[in-house]
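Colleague: One structure, as structure tokens, below. Some questions next.
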Amino acid sequence: MSQARFIAFSDGSALVNPGGPGGTGYVVLDRARPAYRFGGTRWVEDGPNAVTNNRMELRAVLEALEGLPGGEAVQVISDSRYVVDALSRWIHGWRRKGWRTASGEPVLNRDLIEALDARARDLSVTYTWVRGHDGHAVNEVVDQLAQAAARGVAGPGEAEVVAALRAEAFLAGGPPAPRSSRA
């Protein structure tokens, strides 16, 4: 793991892909305090921006980065190769080619990718891929948050988030209750 001040775990879910409804889940840890926040959002979209798994994955990263102070280092951890590759590798070529893929097609989810690119300019963001459903406790919690948001039901609460952060040694001792929040 990097020594970034913020670690943002994110996941997205589409119950019907494409078409939704979908949900996002995230946990953001501020290692300088230590403090954390977590949440998720239910999404229903149609038309050209219909809910897909990839759109929900991108939205989850946007939600995680929201409100972070500029100039800070952030490590985004995702189980989506699409998110990690799109935002750390492919984006450079897409920009050079006028937002076209190698085959000349328009880049899908350009609106969200450009929004993330703009947000990342104010931060020092690195993207790390982890295998989903492979024992990463915080990744499992954000998956549950995204699934619950997509279904419109309550997801994991603070106790589950704290347990996951402790399991991966991101938190020691008790939870930073005075500074934690649910979005």
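Cβ from N, Cα, C; glycine included.
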Colleague: Kindly point out which candidate in Glu57, Glu63, Glu105 is recorded by Swiss-Prot as part of the Mg(2+) 1 site with Asp11, Asp79.
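Modeller: Answer per Swiss-Prot: Glu57.
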Colleague: I'd like the number of other C-beta atoms within 10 A of the C-beta of Asp79 (Mg(2+) 1 binding site), please.
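Modeller: Neighbour count, Cβ to Cβ under the 10 Å cut-off: 22.
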Colleague: Round to a whole number and give the Cα-to-Cα distance in Å for the pair Asp79 (Mg(2+) 1 binding site) and Asp143 (Mg(2+) 2 binding site).
Modeller: 9
Colleague: Which has the fewest other CB atoms in a 10 Å radius around its CB: Asp11, Glu57, Asp143, the listed binding-site residues?
Modeller: Asp143
Colleague: Can you tell me the CA-to-CA distance separating Asp11 (Mg(2+) 1 binding site) and Asp143 (Mg(2+) 2 binding site), as a whole number of Å?
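Modeller: About 6 Å separates the two Cα atoms.
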Colleague: Around the Mg(2+) 1 site formed by Asp11, Glu57, Asp79, list the extra residues of the same chain whose Cβ is within 8 Å of the site's Cβ centroid.
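Modeller: For the Mg(2+) 1 site, the extra neighbours are Ser10, Gly12, Ala60, Ser78, Ser80, Val83, Gly132, Asn139, Val142, Asp143, Ala146.
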